[in-house]
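J.: I'd like to ask some things about the structure below.
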Amino acid sequence: MRVFSGLQPSGNVHIGNYLGAIKQWVGLQRGNDALYCIVDVHAITIPQDPKELRRATLETAKTYLAAGVDPQKSTIFIQSHVPAHAELGWILSTLTPLGELERMTQFKEKRSKRDAVYAGLLNYPTLMAADILLYQTELVPVGDDQLQHIELTRSLAERFNNRFGKTFIIPQARVNKTTARIMSLAHPGDKMSKSDPNDKTRINLLDPEDVIRAKIKSAVTDSGNEIVYGPTAKPAISNLINIFAGVMGKPVEWITRESKELTYSEFKNNLADAVVQELIPFQQRFNDLKEKDVLSVLQAGAQKAAELASSTLKDVKKKIGFVL
Ligand code: ATP
Ligand code: LTN
């Protein structure tokens, strides 16, 4: 199957991004034709410091590689290296009713947090639809906050196909049940987020071991003292169980069975051991990567992606009446 997904280049890549998205990507490389993109064109929908954007873009590429995305199996590239994304994004924006964009939860959320909002932010979902549709994608592995965008992508593809003839494959989202929405360590009612000003709410992939342990130790828990799963009654412990299950690659039931006799503090210790065991080797691989090798992976990736994208874009242009 053709698989496509992406992450915005920003610092603070956290264990929610890792378990909700990147870890799924690694698993999907086998037997599929996967493209994993660093979406810098999306990132500039909110103001970015140019130096920081460049740094974060390369850091995100290193994160993919260190997490196990293998350039021999998958295509890794930077969105702005393939101009077809912006071109198809523009075309799709001319077919998207304004009301549908204004209703997007992520847009409303981001808008409410900022004084100035630019047109690009409203058009974010049409660019995301272009990312996906350009490659005739069948499967889009993401966290559950992206489901609404994928729904819009599907309806845009259907609308285009109905009006101009069959052009796009209708893609499907793929979320991992236990890790689709990892919650904040401090406020289990909120999603763990890159942009939360309080760093203690998340475990960053690059946090040192003592910081990881301290953050897990100070994570809020629920009343009572039993390790039982129940996202409504016990949201904080259930979130920690989800993280544990995701890191270990085991079902929630296995974690709760193994932890039945433990106190909250013993359970947290075991969780910290598991997270450290996953992240410290990741960090070693991350630190060993050289910028010049990363750049050459990205260059080869862009070339491959551009070839695939150009055939869809050409078909689209012909169908809408552009002279080729
Ligand atoms: P922010 O947290 O600032 O809203 P973000 O982390 O959602 O940013 P991206 O970096 O673009 O933004 O997200 C990359 C991927 O990680 C997406 O597939 C998204 O669904 C997933 N993801 C993000 N946060 C979580 C989370 N808390 N739990 C599970 N998956 C997540
Ligand atoms: N909006 C996504 C990032 C993203 C993406 C994509 C994910 C941009 N284009 C295409 C999957 C497929 C987010 O995580 N914030």
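Residue numbering: from 1, along the chain as shown.
Even glycines carry a Cβ here, placed using N, Cα and C.
All annotation found in TrEMBL is predicted automatically rather than curated by experts.
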J.: For the ATP site that TrEMBL assigns to Q8, P9, S10, G16, N17, G143, D144, D145, K191, M192, S193, K194, S195, which of the candidates I182, I203 is also assigned?
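T.: Among I182, I203, only I182 appears alongside Q8, P9, S10, G16, N17, G143, D144, D145, K191, M192, S193, K194, S195 as ATP-binding in TrEMBL.
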J.: Could you tell me which of these binding-site residues, Q8, S10, N17, has the greatest number of Cβ atoms within 10 Å of its own Cβ?
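T.: Comparing the binding-site residues Q8, S10, N17, the most crowded Cβ belongs to N17.
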J.: By the count of other Cβ atoms within 10 Å, pick out the sparsest of the binding-site residues D131, D144.
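T.: Candidates: the binding-site residues D131, D144. Fewest Cβ atoms within 10 Å: D144.
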J.: Filtering Q8, N17, D131, D144, K194 (binding-site residues) by proximity to ligand 1: which pass a Cβ cutoff of under 6 Å to any of its atoms?
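T.: The qualifying binding-site residues are Q8, N17, K194.
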J.: Do any residues, 6 or more residues outside the motif ''KMSKS' region' (191-195), come within under 8 Å Cβ-to-Cβ of it, and if so which ones?
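T.: Hits for the motif ''KMSKS' region' (191-195): 10-17, 145, 181-185, 201-202.
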J.: I'd like to know which of the binding-site residues listed (S10, N17, M192, K194) lie near ligand 2, counting only a CB under 6 Å away.
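T.: Among the binding-site residues listed, not one has its Cβ under 6 Å from ligand 2.
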